[in-house]
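Engineer: Structure provided below as structure tokens; questions to follow.
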Amino acid sequence: MAQPQPPAYENKNIYATLPRTQRGQPIVLGADPKGKNFLYTNGNSVIIRNIENPAIADVYTEHSCAVNVAKYSPSGFYIASGDASGKIRIWDTVNKEHLLKNEFQPIAGPIKDISWSPDNQRIVAVGEGRERFGHVFMSETGTSVGEISGQSKSINSADFRPARPFRIVTGSEDNTIAVFEGPPFKFKMTKQDHSRFVQAVRYSPDGKFFASAGFDGKVFLYDGTSSELVGEFGSPAHKGGVYALAWKPDSTQLLTCSGDKTCRLWTVESRELVSEFVMGTTVDDQQVSCLWQGDNLITVSLSGVITYLNVADPSKPLRVVKGHNKPITVLGLSDDRSTIYTGSHDGVVTNWNSGSGTNDRITGTGHGNQINGIAAWGDFVYTCGIDDSLRQFSVEGNSYTDYVVKLNCQPRGLAILRNENIIALACIKELTLVQDQKKIFSLPIKYEASSIAVNADTSDVAVGGDDQKLHIYTLKGGVLEPKVELDHLGAVTDVSYSPDLKYLVACDAHRKVVLYSVEEYKPAHNKEWGFHSARVNTVAWSPNSLLVASGSLDTTIIIWSVANPAKHTIIKNAHPQSQITRLVWLDNNTVISTGQDCNTKVWHVENI
């Protein structure tokens, strides 16, 4: 009997994006009733992240526009997620495919919060609709079980009382809290204690109280049944707007987080402050969300960073989860391949341990905006960005050094000729060579360069151009001399020499990947590598020079065989609804990809 073939590829790991944040906008984290994961969103994706080991994550990308909020059902078997168009998708958590159970359109505008009734049967969804700001419906059928009315502006937050008699509370931008009784749910009263937007309303897990938080810095406590005001936490609770609040599972304490860059822990009974967590001093340290799940107190900063608070010692967080929440534009490896480097279009550079996925951010003064090139060389990693500079950070110190070379125009890529001690940069209007932190040569060009690669054997430099040509230069005595031009059918987007220096591969906007032999710069075979259906963004070589990986705007990665050009492996939907921005091989069977979705993925690929 024939042995079953191993799968041609497998997704080993996802180094997940951080939550997408926006100044002045609270975000909602979703708690898992089984205590294993927590939920947040970024772009079209819902991220299901393991709470004990954040290196484990699952990503759901089925919404056709930005997702704002996702919440587990109390049973833990379903997740409801709401997007910017007002759609709610209810999907299964048990299967890896996350099968869709239902899709409803409760309001015609962005959904800002979702809450399930404790019996899993009803859902309240609120936001910024056209004719109404919220709706209550059955999770199975979508039939209405009441109406959310009585508030005149967008509703930011809603919660179901977790015990009978059922109640719903909503917090709105008209500064009021509305209370509804049912089912069917009818407007009962408004509370007008806040003087600014109400950003969060949450019932205690036992249903005895509910608390509200607003941009006036105040946090109020109300009776869960009668909805009478019980009192206020602090006077006021925070110096800045309060973005979110979270109850301790036993209902005895409350956690609040604020734009004043602090989180505070309160006793519910006496409404007194227990401890304060100072999260930093910069705008990026504003706290925009919090969650209390089991023993984990989690907060999210404006920078997207997730912090696990330490109740025993407020000054030392238990864990800080870093990464990216903007699209990743560059990807590189340290010389020993133990560290993966990623850089995003907001200038953040992250290092990831290639074995465990643990990560940290590079500190110091970097580019502060989009990074277009990255390359490691010994103890340093070099980056170039659209601040028109070349910079370096130290591998050991994990921090940018004071090495800066100002460039005349925007760099699009960099490559290092180690034996010559030269860094070659492809810029929009010129090619520049840098040696010992000085520009030693620049060559004006009539095309716009997109990428650059160097061949240490022949001292050839290959540059991709938007003039549909691949330009080859030779480096002689610190000067670049044109050697040959190779025609493509579209703008050349990326170029790379094979590790054994015998081949050059280039990809273009006309969906093609072309392999050249370096000897004569002629195509290495007569097969057309044209299976992408849109612009190819990036190409990368396996260390043994036998396989080429290409990533495209069409969301797929294709692995091509050099020895057997007719064979290839297609990884469809590698980053769903997101173009592949960069690829690199960790070893001969492992490819790392980054996408517009801010995720970094690790793939195991079988030999072809």
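Every residue, even glycine, has its Cβ placed from backbone N, Cα and C.
Residues or ranges marked as repeat 'WD 1' by Swiss-Prot: 62-101. Per Swiss-Prot, repeat 'WD 2' is recorded for 106-149. Positions annotated as repeat 'WD 3' by Swiss-Prot: 150-190. Residues or ranges marked as repeat 'WD 4' in Swiss-Prot: 193-232. Marked as repeat 'WD 5' by Swiss-Prot: 237-276. The repeat 'WD 6' annotation in Swiss-Prot covers 323-362. Per Swiss-Prot, repeat 'WD 7' is recorded for 366-403. The repeat 'WD 8' annotation in Swiss-Prot covers 444-483. As annotated by Swiss-Prot, repeat 'WD 9' applies to 487-526. Residues or ranges marked as repeat 'WD 10' in Swiss-Prot: 531-570. The repeat 'WD 11' feature in Swiss-Prot is assigned to 575-607.
Locate each feature and note its surroundings.
Structural biologist: A Cβ distance under 8 Å defines the sequence-distant neighbours of the repeat 'WD 1' (62-101), meaning residues of its chain 6+ beyond its ends; these are 20, 27-28, 30-34, 39-41, 43-46, 48, 107-120, 123, 125, 127, 129, 139, 576-577.
Mean pLDDT, taken over the repeat 'WD 2' (106-149), works out to 96 on the 0 to 100 scale.
For the repeat 'WD 3' (150-190), the residues of the chain that approach it from at least six positions outside its boundaries are 26, 28, 112-118, 122, 124-128, 133-134, 136, 144, 196-203, 205-207, 210, 212, 214, 222, 224-225, 227, judged by C-beta separation under 8 angstroms.
Within the chain, the repeat 'WD 4' (193-232) has long-range Cβ neighbours (under 8 A, six or more residues past its boundaries) at 26, 156-163, 165, 167, 169-173, 175-177, 179, 238-247, 249-251, 254, 256, 258, 260, 266, 268, 271.
Using a Cβ-Cβ cut-off under 8 Å and counting only residues 6 or more beyond its ends in the same chain, the repeat 'WD 5' (237-276) has close neighbours at 24, 26-28, 196-197, 199-200, 202-206, 208-209, 211, 213-219, 221, 231, 282, 285-294, 297, 299, 309, 311, 314.
Residues in the repeat 'WD 6' (323-362) partition by DSSP class (helix H, G, I; strand E, B; coil) as 0 helix, 20 strand, 20 coil.
The list of residues near the repeat 'WD 7' (366-403) in space but at least 6 beyond its ends in sequence, with Cβ under 8 angstroms from a Cβ of it, reads 329-335, 339, 341, 343-349, 351, 360, 409-416, 418, 423, 425, 434, 437.
Below 8 angstroms of C-beta separation, residues 412-420, 422, 424-431, 433, 435, 489-497, 501, 504, 506, 508, 518, 521 of the same chain, each at least six residues beyond the ends of the repeat 'WD 8' (444-483), sit close to that stretch.
Mapped onto DSSP classes, the repeat 'WD 9' (487-526) shows 0 helix, 20 strand, 20 coil.
When Cβ-Cβ distances below 8 Å are used as the criterion, the repeat 'WD 10' (531-570) is approached by residues 8-9, 490, 493-500, 502-503, 505-513, 515, 524-525, 576-585, 587-588, 591, 593, 595, 603, 605-608 of the same chain, each at least six residues removed from its ends.
Cβ atoms under 8 Å from those of the repeat 'WD 11' (575-607) belong to residues 6-18, 42-45, 59, 61-62, 64, 323-333, 337, 340, 342, 344, 352, 354, 537-544, 546-547, 549-557, 559, 569 of the same chain, restricted to positions at least 6 beyond its ends.
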Engineer: Within the same chain, where does the repeat 'WD 2' (106-149) have neighbours whose Cβ lies under 8 angstroms from its own Cβ atoms, ignoring anything closer than 6 residues to its ends? I mean 6 or more beyond.
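Structural biologist: Result: 28, 68-75, 78, 80-88, 90, 155-160, 162-163, 166, 168, 170, 172, 178, 180, 182-187.
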Engineer: Using DSSP, how many residues in the repeat 'WD 3' (150-190) fall into helix, strand and coil?
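Structural biologist: Summed over the repeat 'WD 3' (150-190), the classes give 0 helix, 23 strand, 18 coil.
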Engineer: Could you give me three numbers for the repeat 'WD 5' (237-276), the DSSP helix, strand and coil residue counts?
Structural biologist: 0 helix, 22 strand, 18 coil
